[in-house]
């Protein structure tokens, strides 16, 4: 009996083609369903509520927590003459591991070490997030941990070294967890953008701005609570930073409650099919990501500019807020500090919203907005450098300088952060959102801890709180130069060619 092998072969080929066509149809249907989900207003509002839930603890980790650690370090520390530290001035030193450092530098050293650990976590997360079917669960869990880490601060009222160490550990864990939820939260922005086929860039600007605005609004809520506590609960001299500790714990409760409510309605994201083991995947994807530089050069170039600017922004804010208290006096300026940090978040929210409305109205070249925002960053750091010379009456040595630059720097920096998230999302290949947002966080961490360490060493060795503004100013200059060479249109074309 003869068998028609050609018939069998052709039949096998036809079956394979039918299977591939069916898989393509299923993939197209899944993509359409995903687009329909991310077009729903209810889903967008739930995501915004989730952004709001991170705001209370995020604002505390940038304001009250480092201020509290600074105060505890001052109470524990000694002067060069082995006397108790005063409320003003720089003559105060405290033990940090195996060395003794300036009490303000202690916070900068702590942040540098925590950021280095944060980088390892970010590399692992950016490698697995796009392949996981539990992105929603990871996001909610990271925000819950964020809230729970803030709860113990209410008990850290003792002025001893053990309390300082415990506060430092909690602060470090908050910094590490911060990168986790930022990577996962930011990876949702491209999903909302791609759901709008008509004008994804305008959609992205709205999503990025409102997400940041709601986060700031959550921070404002916690800071209002801090103001009420500070002005109703005793004098600054009697209560001091203890008011901060209560506000931090209340912020943790808000974050936990709101994140649990959002978890009921936020949709999950279907992960990509993976072949490698989860332990191998992060490192393999990271090296594959570096190979994509030739394919998406503008995305990488923009990422570098964003990372350098973001490092300078974080350095500036940490130095600026600590300098405010050391210049005006620890303890007796605490009530004013609550209003000061509150105004920072008000200006941040105002800045990003104004930019969103102006951009939608004029729809001018989005890159020119970046130039103007970066110019303000350059001016703010240059102004701080003026104070290095002791005979100069300017350079953040007067109360009015802190308040004026707080308004302009906070507003333009918030707008710049929204702009970066929007533009960067338009340069990312589809299906790799978490990986590329993780790249931004990872590169920021890899370079940020070095910048923080350099600033801490400079401040510690020079005993000058304003000297670190000098290297920070050069970071802004480098960011501006890299930003100049980014061709946004070419970057978008690269993505379209890669997805086609």
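Here, residue 1 is simply the first one shown, and the rest follow in order.
Every residue gets a Cβ built from N, Cα and C, even glycine.
Model, not experiment: these values are computed from the prediction.
The N-linked glycosylation site annotation in Swiss-Prot covers 14. Positions annotated as transmembrane segment by Swiss-Prot, on the basis of sequence analysis: 108-128, 137-157, 164-184, 209-229, 244-264, 304-324, 339-359, 368-388, 438-458, 467-487.
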Stretch in 137-157, 304-324, 339-359 most in contact with the transmembrane segment (209-229), if contact is a CB pair under 8 A: 339-359
Two-stretch contact, the transmembrane segment (304-324) and the transmembrane segment (368-388), at least three Cβ pairs under 8 Å: yes
Feature contact check the transmembrane segment (164-184) with the transmembrane segment (108-128), CB under 8 Å, 3 or more pairs: yes
Distant-in-sequence neighbours of the transmembrane segment (137-157), which means Cβ under 8 A and at least six residues beyond its ends: 50, 53-54, 57-58, 60, 65, 68, 72, 125, 129, 163, 166-167, 170, 173-174, 177-178, 180-181, 184-185, 242, 245-246, 248-249, 251-256, 259-260, 262-263, 266, 268
